[in-house]
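> The structure that follows is given in the form of structure tokens.
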Amino acid sequence: MKFLDQCKIYIRSGNGGGGSVSFRREKYIEYGGPDGGDGGRGGDVWIEAVEGLNTLIDYRYQQHFKAGTGVHGMGRARHGAAGEDVVLKVPVGTEVLEEDKETLIADLDHAGMRLLLAKGGNGGWGNLHFKGPVNQAPKYANPGQEGEERWIWLRLKLIADVGLVGLPNAGKSTFLAAASAAKPKIADYPFTTLTPNLGVVDLSSSERFVLADIPGLIEGASEGAGLGTRFLGHVERSATLIHLIDATQDDVAGAYETIRGELEAYGDELADKAEILALNKIDALDEETLAEKVAELEAVSGIKPRLVSGVSGQGVTELLRAAYKQVRIRRGDLEEEIDDDEDHVDETPGGWTP
């Protein structure tokens, strides 16, 4: 299934049906009174977050959605039926924004959440409503009210407990494959990952969380370089970030500073989120070179990096357990405390909430 995380759509609620101008006509009743029924109300446009979806791809092929028009009223005081509603099904984590793409209308962050986007027009009154002592045979009725129309943006931010960030070719997809049953595309060239991948990490039967791998960032991504920072929105909701750095590259300190700079440029307090720093691909280095890389990275970050290898699996479980601890803190299952992991985790979340 192709991945699409934002789209612009047009919605319009239904017009109300017009009221009827009608008079009672029966045998032996020469002057029957008015009996025009009311028009039905127009259909509404709703949006609902549902489970089982992780893309907005359906809205690439259809961008216009119109609810049904109310049926006109009829004689014998028969009211028109209401127009059919339109319900837009979207993944959990979808944000609804105004046409300016900045004003947030709603954040559908849990399954079953439902929002009225456009209310249908009321049906018009039939002439039965206008009968009075002065005018006992009104020959007019109300037309139905117009429906509402608007353009809106849908933006998906995946619901993940832990986010993977790093430069292209840092080994994020390999790590995701080693940590979960996900099967992301893996190759030895930059930007192999073009869309976010999700994997469920099962530490035990009762310990599990969702891990998100997003496309790699490069210097200048906040200004549009590479794939930009668009996909960072998918880790905004996460409890912590795992920052993977390729231990085989020459400048590990520069790699760290590049990603930190892009996180700060993105905003939304993403740079203040708890971070676990890890040196990946350690199986490709000898002990002396690895020690130099660790010292270099610790000097610039102030954090003692964890050592992992997505290929051999070394250190992966320990890193995942450290990440799960942050998830439990976020869920309220565990109080934040300083322990032996304090050198590995930068815990400065700054009260961030989604």
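Even glycines carry a Cβ here, placed using N, Cα and C.
Residues or ranges marked as GTP binding site in Swiss-Prot: 166-173, 191-195, 213-216, 280-283, 309-311. The Mg(2+) binding site feature in Swiss-Prot is assigned to Ser173, Thr193. What Swiss-Prot lists as compositional bias 'Acidic residues' is 335-345. Here Swiss-Prot flags 1-159 as domain 'Obg'. The domain 'OBG-type G' feature in Swiss-Prot is assigned to 160-328; the stated evidence is sequence analysis. Annotated region 'Disordered' per Swiss-Prot: 335-354, in sequence order.
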> Neighbour count first, Cβ atoms within 10 Å, every protein chain included; then name which of Asn169, Ser173, Thr195, Ser309 tops the list of binding-site residues.
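Neighbour-count leader: Ser173.
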> Please identify which of Lys172, Lys281 has the densest Cβ environment, defined as other Cβ atoms within 10 Å, among these binding-site residues.
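That would be Lys172, with the most Cβ atoms nearby.
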> Restricting to the domain 'Obg' (1-159), what is the model's mean pLDDT?
92
> Measure the Cβ-based neighbour count of Gly166 (GTP binding site), defined as the other Cβ atoms within 10 Å of its Cβ.
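Cβ-Cβ neighbours of Gly166 (GTP binding site) within 10 Å number 25.
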> Give me the CA-CA distance between Thr195 (GTP binding site) and Ser173 (Mg(2+) binding site), in Å, as a whole number.
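With distance taken Cα to Cα, Ser173 (Mg(2+) binding site) is 11 Å from Thr195 (GTP binding site).
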